[in-house]
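What TrEMBL annotates here:
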- 2-227: domain 'Glutamine amidotransferase type-2' (DOMAIN)
- Cys2: active site, nucleophile (ACT_SITE)
- Cys243, Cys392, Cys443, Cys446: [4Fe-4S] cluster binding site (BINDING)
- Thr293, Asp355, Asp356: Mg(2+) binding site (BINDING)
Amino acid sequence: MCGIFGVTGSKNAFIDLYKGLKMIQHRGQDTCGIVTYDNHFNIKRAEGLVTNAFDENDIHKLTGTVGIAQVRYPTIGKGGVENAQPVYTNTPYGIVMAHNGNVSNYYQLYDRLHKKYHRYINSDVDVQIILNTFAYHLSRKQNFSFELLCDTVKQVFKEVKGSYSVIAYIAEKGFVAFRDPIGFRPLAFGRKDGLTAFSSESVSLEAIGITDFEDVKPGEVIFIDEKDIMKRKRLIVSEQKACIFEWVYFARPDSIIDGIDVYNARYRLGEKLADELKIQKNEYDVIIPVPDTARTAALACATRLNIPYREGLIKNRYIGRTFIMPGQKKRMDAISEKLHPIRIELEGKRVLLIDDSIVRGNTSKSIVKLVRDAGAKEVHFAVYSPPLRYPCYFGIDIQRPDEFVANRCEKNKIADEIGADSLYYLSLDGLIKGVGIERTNFCNACFSGKYPLKVNSIDMGKIHADRGSAHN
C-alpha cells in the first residue's frame, strides 16, 4: 500500500506534486520520490518523509509542467532508496512510472522478463514488473497511438496479476493512468483550468484546488496527450473488489474513495459496533479511541450507546503510523513513544478502548497495559473490524498466517493475550454493511479468506519468505 500523485498541464509541477504528496504521506513513510519532465526527466528519490526529502532548492531542479510522485510502504522488495519510486526506463521513448498495489505473480514475471523479453530489472520493487511489461509491449510497434496504448495496457492486464493503480508519463507523448481490472486500490482524478491530476486519495486533488473529481474505473486506461486532449477506455469490465481495509484504516477520513466518504463509513462502523456491543451487556464509564484512525468510529459508538466519549490517549504526532512500520521492534519502540495517557480520564473508570484492528496483538497489549497502569478500574477492548486471519497479497503488508493473534488463540482467549477484561470484534456482516450500506463488492480476504484472485502457491511461499526476512 502506497500513495501516488501525478499532474499534467501544471504551471509548476513540483509545487503541485509536493502539496499533493504531503496529503497522502500516511500511505507510506519508507521512501518518497518526485519526477518532473522539462525536455528531460528530473528525478529525486529519498528515504523518509516528504517534508524532510524536499526543500525550496528543488523548485529550481525539478522543473516542468508534468510529473509523478509516490510515497512507499514496502510489500514486495526491501525498503530503502534503491527501491524508491517513481522508476524509469529509457526505451521506448523514455517512461517514468509509479504504482500503488502489489504484483502477486511477481516472481513468475521476473523470470519471464529476463529470459523471454530480455529486460533486466535492477531492483526488486514490483512496479518494475509493470513498467517493463508495459515498455516491452509498447515497443513492439513503431508508431505511437492511443490504440497501441490500449493494446499495451491489455497485455499488462493479461500478464500482471494482483492489485495496481498506475500513473506514468511517456516523454513527448503524454500522461497515462490505469487501474487493475478488479479495482483493488483507489485512483481518483480531476481537471481544472488545463490542469489534470491523479491521486490515490481525493484529498490531494482538493489540496491543489480540484474539487470536482471522479474515480478511474477498474480496467480503465486514461491518456492525456501533449495537447491536453483526454482519451479514456474501459478495456475490461468485471466486478470490482475494492480493498475494504482502505475504509477501515488506510485512507484519510476526509477522502472519498470509489464514491464512499471515508468519514461517514467509519462513523457507520462505530454505530454497527455499538449495536452489536449492546448484546454483550458489559458496563462502561467512558469510551476512548486509540488515536488517530479510531476516533470517528469511537465517537459514533459512544453517541449510539449514550456513554461519554473522551480523549484519554494523546498521540505524539512526530511518530509515524505503526501499522506500516517495517519490523516488530520498530513498532513496539514507536508505541512506547507514540501514546501517553491522560490519567484524569482513566483513573477508577471502566474504560472501553476502540481500535480499527488487531494484527499480532502486541500493540493492543501495550495499549491495554498503558491504560491500566494509568489507573483504569477495568479495560475493555472493541475493534470495528472482524479478526484478521489471512495474509494479503494485494498491497497490504498483513503478515504470514502464523503471526495473527486470531490464529494463535481462540477468540475468547485473545482478551487474556492482550490483557483486557473483555474483547469484542465487529462482525463481517457489520463491516460490509457499515462501509458499503447496500454495496457488497469488496475484497475482505484478510478477514474471510475468500480471495478474489488466485495466488500461485509458489508465489505465496516466496512472498511469505520475503516478508519474514523484511520484518526480522
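From the backbone N, Cα and C atoms, a Cβ is placed for every residue, glycine too.
Overlay of TrEMBL feature records on the structure.
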| residue | record | Cβ contacts under 8 Å, 6 or more apart |
| --- | --- | --- |
| Cys2 | active site, nucleophile | Arg27, Gly28, Gln70, Val71, Arg72, Tyr73, Gln85, Ala98, His99, Asn100, Gly101, Ser200, Gly395 |
| Cys243 | [4Fe-4S] cluster binding site | Ser163, Phe184, Arg185, Phe250, Phe394, Gly395, Ile396, Phe442, Cys443 |
| Thr293 | Mg(2+) binding site | Tyr249, Arg266, Asp355, Asp356 |
| Cys392 | [4Fe-4S] cluster binding site | Asn102, Phe245, Ile398, Ala445, Cys446 |
Reduced DSSP assignment, Cys2 (active site, nucleophile): coil
How many other Cβ atoms sit within 10 Å of the Cβ of Asp356 (Mg(2+) binding site)? 23
Excluding its own, the Cβ atoms lying within 10 Å of the Cβ of Cys446 ([4Fe-4S] cluster binding site) add up to 26
Starting from the Cβ centroid of Cys243, Cys392, Cys443, Cys446, which together make up the recorded [4Fe-4S] cluster site, report each further residue of the same chain whose Cβ lies within 8 Å of that point, ordered by sequence. Phe184, Ile244, Phe245, Phe394, Gly395, Ile396, Ile398, Asn444, Ala445
Cys443 ([4Fe-4S] cluster binding site): secondary structure state under DSSP, collapsed to three categories: strand
If you count other CB atoms within 10 A of each CB, which of Asp355, Cys443 wins among these binding-site residues? Cys443
According to DSSP, does Cys392 ([4Fe-4S] cluster binding site) sit in a helix, a strand, or coil? coil
From the centroid of the CB atoms of Thr293, Asp355, Asp356, the recorded Mg(2+) site, which same-chain residues not already listed sit within 8 A by their CB, in sequence order? Val248, Tyr249, Pro289, Val290, Ala294, Ala297, Ile354, Ser357, Val383, Tyr384
Averaging the pLDDT values of the domain 'Glutamine amidotransferase type-2' (2-227) gives 96
Per DSSP (helix/strand/coil reduction), Asp356 (Mg(2+) binding site) sits in coil
